[in-house]
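According to TrEMBL, the features are:
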type     : residues                                                                         : note
DOMAIN   : 83-193                                                                           : domain '3-dehydroquinate synthase N-terminal'
BINDING  : 87-90, 118-120, Asp123, 143-144, Lys165, 183-186, Asn194                         : NAD(+) binding site
BINDING  : Arg134, Asp150, Lys156, Asn166, 198-201, Lys260, 274-278, His281, His297, Lys366 : 7-phospho-2-dehydro-3-deoxy-D-arabino-heptonate binding site
DOMAIN   : 195-368                                                                          : domain '3-dehydroquinate synthase C-terminal'
BINDING  : Glu198, His281, His297                                                           : Zn(2+) binding site
ACT_SITE : Glu270                                                                           : active site, proton acceptor
ACT_SITE : His285                                                                           : active site, proton acceptor
DOMAIN   : 421-861                                                                          : domain 'Enolpyruvate transferase'
ACT_SITE : Cys849                                                                           : active site, for EPSP synthase activity
BINDING  : Gly896, Met897, Arg898, Gly899, Ala900, Gly901, Lys902, Ser903                   : ATP binding site
ACT_SITE : His1234                                                                          : active site, proton acceptor
ACT_SITE : Lys1262                                                                          : active site, schiff-base intermediate with substrate
DOMAIN   : 1467-1555                                                                        : domain 'Quinate/shikimate 5-dehydrogenase/glutamyl-tRNA reductase'
Amino acid sequence: MVDNDQPDLCKVSILGRECIHCGFHLKRYIAQTVLTNLASSTYVLITDTHVAKFHLSAFQAAFDEELKLISDDKRPRFMSHLVSPGETTKSREGKAEIEDFLLANACTRDTVLLALGGGVVGDLVGFVAATFMRGVRFVQIPTTLLAMVDSSVGGKTAIDTPRGKNLIGAFWQPEYIFIDAAFLETLPLREFSNGMAEVIKTAAIWDENEFATLESRAEDITSAVQIESAMNFYAGRTVSTRSESQRLLLSVIVGSISVKAHIVTIDERETGLRNLVNFGHTIGHTIEAVLTPSILHGECVSIGMLLEAEIARQIGVLNQVAVGRLTRCLKAYNLPVSVTDARIASLPVARQLTVDRLLDVMKVDKKNAGPVKKIVILSRIGATFEPKASAVSDQRIRKVLSEGITIIPSVPRHSPIRMATPGSKSISNRALVLAALGEGMCRLKNLLHSDDTQVMMQALADLQGATFSWEDNGDTLVVQGGGGSLAVPPAGKEIYLQNAGTAARFLTTVCTLVKSDRQGLVTVITGNARMKQRPCGPLVDALRASGNPIEYREHIGSLPLSISATPSGMRGGHIRLAASISSQYVSSILLCAPYASAPVVLELVGGQVISQPYIDMTIGVMKSFGITVTRDVDAAGKKLDVYRIPGGHYRNPSEFTIESDASSATYPLAIAAITGTTCTITGIGTTSLQGDAGFAKGVLEPMGCKVVQTDTETTVTGPPIGQLRAIGYVDMEPMTDAFLTASVLAAVANRSPLQGRALVDAPLNTTRILGIANQRVKECNRIKAMIDELSKFGVRTRELDDGLEIYGTPISQLTRGASICCYDDHRVAMAFSVLATVIEGTILEEKRCVAKTWPSWWDDLENKIGLSTQGVEFQAAASPSKSRRHDPNASVFLTGMRGAGKSFIGTLAAAALGWEFTDADTVFEARHNMLVSEFVRNNGWAAFREAEHSILKELLQTKKKKHIISLGGGIVETPAARGALKDYAETCGPVVYIVRAIEEIVEYLGTETSRPAYGEAIEEVFLRRQPWYAEMSSHEFVSSTRALQESVKFSEAESNGGRIDVAHEHTIRCCPTGIEGEVKRYFEHITGICPNLAPNIQLGKRSYFLSLTFPDIRLALPLLDRLSVGVDALELRVDLLSPTGSPVERPSVPPSTYVATQIAALRQRTTLPIVFTVRTASQGGQFPDTAQQEAVKLFELALRLGCEYLDVEISWSEEQIRHIISQKGHSHLIASWHDWTGAMKWLSPEVRQKYNLAYELGDIIKLVGTARDQADNLDLQLFVRSIAAGRKPMLAINMGEKGKLSRILNFVFSPVTHPLLPSRAAPGQLTFPEIQRALHLIGHLPKEQFYLFGTPISHSMSPTLHNTAFSALGLPHRYDLLETDFVDNRITAAVAAPNFGGASVTIPHKVAIISQLDCLSEEAQVIGAVNTIIPIRRPDGIRELLGDNTDWAAMHCIIINNLKNVSPGGARGLVIGAGGASRAAVYALHRAGIGAIDLFNRTRSSAEALASSFPDDYNIRIMESLEGLGNSPPSVIISTVPASVTTTDPTVKDALQLPASMFTLSQGVVIDMAYKPSLTPLLNLARSVNPSWTPITGLAVLLEQGYRQFELWTGRRPPRSLIEKEVLAKYTS
């Protein structure tokens, strides 16, 4: 054949023109047709650089040949223009670039554009053609299958924007569309599959016959594009040279195009019918918007089709058969059908596939009608529910997209229910194997359409054992058996069985039937991670013992397996099989035995055979296919475990109907039982082959249900809700899979058992289930799963060797809101869905796992049973890999050297968390009734280590929640103990290594005698153990070392000028500082009880961090209070740290030990979050760009030390970043990119790519450019606005002097500097006050007015306090006095003013002011008094006034931070006075845990009124006099009366006498709320009587409550040292 031969074409008409020409090898024909029929002065072929490598020269040559035939004076120009490949070219910039090329080359309106390429080129060039010169002609020459069957047909042209795909475009029909199927030979197979998604879509909505061809001939169609036509360069151009696969491929392409052309002809502008071709696209496009470019359009549409088909099934218009067929067809072309597909799940960006984000993207869809989303709904394969896209609610979409699901408890609406369950999984899998091995054709009816059966069918097809087709719209599977003829799959292809245990066991023996004379041919069967844990050893051992060559490829006893083909196939003879673990081993050999080389005698050994009914089922099904198995009996007629299987071939029955699944039937029957309703299951009765058919009679009837069972039906009526009975002992060995259903019912079965069923050795509410040991090796360890998940409801259980006990609990007492892990196990999910019908808020976390046996379960639950469900999405971490997070209440284990401070730190941590502290050595000594040193002396170290390990195992089991457990330093000497703690750290909770300098440990141990001596140098012990401590721990805490303590003391002395004077009386800190504060912060953060994150980020307010640039952070400690003014966090620039204390001059890596001590020093002075930054040299820092491993080690250290934020550059290896993310726990990752060159353009595709990568990896996105002019700042703002609202927080700024505006306008974590820093971290940085002043000047921070309401207030310190803070922070606000005798019109006008920012309230208005407020805080409601007014905005924008009380908070904080060595519960408090402050004092004492409160007021009635307003559990006692404290002296005293009315002088009359007996206890805290004079009579008395008491002045309380007010109003921490200085100056003046 030569190139001049005219091709044989298939032509398709669209819009009345036969302009779609399809064939093979059309380049010359295209040139001829275009030049002949589209006369022009200029032809411009536009393609991308990738396609050009394959086809441009050939097209140039074809046009040159044709142009030679035209005279010189009439010869038109032919030009080509190349664009970059990829979706980013399809943009405004990409369009403009082509237009500029055309204009530069003087192209006019008669120009013809030729779009050669995929969908990107076709869409882009088409849109250029639609708008250039107001429209020019163009030709589509698609080179990908996707473009051939989709984007090239119909005239849609468009470009993308940051808001979504194809949002700007036009309808512009091409003059011709040339479909050259030969292009597909250069297409990667993945791209071919990408296009097949659109072909499948078209058949699914329009033509069932075409769909049947696609699902049955996938291999033939795919082979057409794998032909090397270099052997016959023009093969396929003419009909005579086309292969059968080429004819099939062209037929498929033409068929798909014809459907779309027909639809476009009827509805060109997509007003209705044309919407149908968007089946799968509504959801597919949203997935693509997130996953592009990693995942292709067709792959996303494939997933979209399945999800939209599930919506149709949910609505009730599409059956599971159709969904199953669609799934199988897509999988046949290697297309993903779920976002959990490994190709997608492995992508970091996949973490962004949240339901809210997908729904948000879906809003911008051209099919939508306003806010109503439109989706194409299938009614069957080949037809749609409506001839257009249908309106679908967000709730339905959310339900399908969500990972989890919850059931709304209620009585089933459709009771009495009558329904059938899907076909039996067990029988379906057996029938598939037998029909495939049998001879002839067999029609299988009621086959289960599920993941398991799909896996089985695909495996049998891979083995070439049978062919499958569908009849009756998919209701009937037609199997053409292969008669036992099987083949090894192609080289390199493994048979992947997911987690299908039945398929894995059956196919192990099936693969031994493969025969071949060739050596070395093996079949490999494998599965997912769980399948690789499930046992198959007894089966493999039995087959190998019989001579079948099978090898384990990884772990002995489980998949994957290599099974060699032999000339004779499966060896027969006498096979001995251990069948005590799984009956599937037995069934596997039984099914294949007829084809063995010799008749098989199967003897079962090794104890009691498990699940005999399933073996009987196998024998029964085999008989239906023509093979009769006999079972030996002994002389007495007793059946033996010996089976004889004759040789032969199965003879396929023409039709075989599969029973409904009896295991699945237990779930709707159990719902009837638990909800007191009626359910009838058809197809399951007394004649069933399945053991689980006995569930109703054997379990439900004894529980109190009415059960009626016929040959073919089972009906259950439950007792009234809450009336189920425990059933004592039940043997579920005949129906092991149903034990999960029985377990959830037993959880609420708390009534006494029926007579004769009660257990004599257990409570009456006990259900004891035995005979289920095999359930430990199913999809998960089901016994453990039930125990663990039932515990979340508060149900008690006990594990037994062969089962478990469940102790029934009334429904009303069960815990609500449990989130149930389903372990990817269908039976766990469906069992707990039964319990969820009566327990509110129960969440099933993995709803899709039911696809294994009942894919439509959740839909049937709603449509057939009548229980509503809702989708539940779990909060997605930013990470692409799962971050280590544990139950916040999981116990914390402390380890480290003896003398490191484990007990000290542990005691503080337990107090901070409100948990119990346990010392393992104390437990050991109590258990053995002797000191550890004595035990070692008597028994030796080896015995001690063994006993110590035993104690550890006990603690791990018995103290799982809310304990801080300190372990002995030598626990790491035992390998098993190290392993147990390492496992605990990875899966359960924190293990914290307490670190202390070795020299301090040595010094301490030199004086400690209660523990045995090491017998070797302490330093050597430390060096040996240190790597073990690090290896097995998840975190580490630096115990306060001497060096740190000295640096902190130095900073405190510096901050106070070295003076101890009157100021000292007022500097009591509200937040604990030093070691107590750091312990509280650290343990709350690492456990997740209260992660120490910057609240302003979560609230969407402006947030800032200070970049610390000190080489030695200890230099900053004296200045820290001033440095940190207004900021939300501190950035530790690790790359700038230097052990020498000198500035870093060249890139270097600081030692990790130095970094750790620097963090520890900083932690002693502040609880602000730390941003841990390692900035590389290329991005403006001093860390070597090549030291990536060292950086990762430092980030790991930061996480171990509890740093809250990690700034990680996205230029690092993605694998390394994912590793960091997997360790981050409750810390957040800032994914950052810095451009110092100034080349980065904010509106370029490059920045969008950086943003997408940062979004994938980070919790916070940080993009930093360099501004050359103000236009760069404007571009930055445009970029920020282009990002969809509600996404992750983003820091986007420009560096440099000209970038300052961007820093002012940025919202998230703006980096700030301070004049006291040695240098700015980056050029253009501003101080916090500078930014606030700038925000005010440009109108972003309006001035607000604050007040103090009350009288007398002229001498109040509050204006000084707040105005000092406003000034220091650069805030424009003002605080003034508004003195009134009553809450009058002046106050009403002040709080109503639009610029009102807040107010303090003092006497006498603390109660009266409440009438002016809209709402009160919980604390203010209880106290009944308000001292703070805060304007707040509701979600609808309406302003409300909130009343709060900070007096109590100040007193509470002072009490808990100064009351040492006192158990609050056993302590008493004394309140003197009965006004508003007294109310706050009582509340503060109660919140501090003080067990009893004495109240004294000279006017008893006022005291009585106050006491009566608090609950009884406050334990308030009214005192007649202060002398009456008797034997119950207080530990805390709070006076709220003026100092002028108190005295210690007995000669003063009409004054309150203060007795010295109040200070009887050795230590305590005394607070006098009066702040004039500084030392009141009460405080003076305390000092003189008992100096151990801590006296707190009223000014200290005033300052403390004022700090809290300031933070409530502004969201900013006040500059305490500056405020104290100014307030004290005024106070003492």
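Each Cβ is built from the backbone N, Cα and C atoms, and glycine gets one as well.
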Local confidence of the prediction over the domain '3-dehydroquinate synthase C-terminal' (195-368), expressed as mean pLDDT: 86
Surrounding CB atoms that lie within 10 Å of the CB of Val277 (7-phospho-2-dehydro-3-deoxy-D-arabino-heptonate binding site), all protein chains: 25
Nearest-integer angstrom distance between the alpha carbons (Cα) of Cys849 (active site, for EPSP synthase activity) and His281 (Zn(2+) binding site): 25
Shell list (ATP; ref centroid = CB of Gly896, Met897, Arg898, Gly899, Ala900, Gly901, Lys902, Ser903; cutoff 8 A): Gly969, Ile994, Arg996, Ile1001, Ser1039
Lys1262 (active site, schiff-base intermediate with substrate) and Arg898 (ATP binding site), Cα-Cα, nearest whole angstrom: 43
Shortest C-alpha distance to Thr186 (NAD(+) binding site) - which of the recorded positions Gly896, Gly901, Lys1262: Lys1262
Residues near Lys165 (NAD(+) binding site) in space but at least six apart in sequence (CB under 8 A): Ala158, His285, Glu288, Ala289
8 Å Cβ shell about Glu198, His281, His297 centroid, Zn(2+) site members excluded: Leu146, Asp150, Ala197, Lys201, Gly280, Gly284, His285, Gly298, Cys300, Val301, Gly304
Other CB atoms, at most 10 A from the CB of Gly118 (NAD(+) binding site): 28
Residue among recorded positions Cys849, Met897, Ala900 with least C-beta crowding, 10 angstrom cut-off: Cys849
Those binding-site residues listed as Arg134, Arg274, His281, Lys902, and which of them has the most Cβ atoms within 10 Å of its own Cβ: Lys902
Which listed residue (Glu87, Glu198, Glu270) has most other Cβ within 10 Å, given these are recorded positions: Glu198
Distance, Lys1262 (active site, schiff-base intermediate with substrate) to Gly899 (ATP binding site) (CA atoms, angstrom): 43
Residue with minimal Cβ packing [other Cβ atoms within 10 Å] among the binding-site residues Thr89, Thr186: Thr186
Candidate with the highest Cβ count within 10 Å, taken from the binding-site residues Thr143, Asn166: Thr143
His281 (Zn(2+) binding site) and Thr143 (NAD(+) binding site), Cα-Cα, nearest whole angstrom: 22
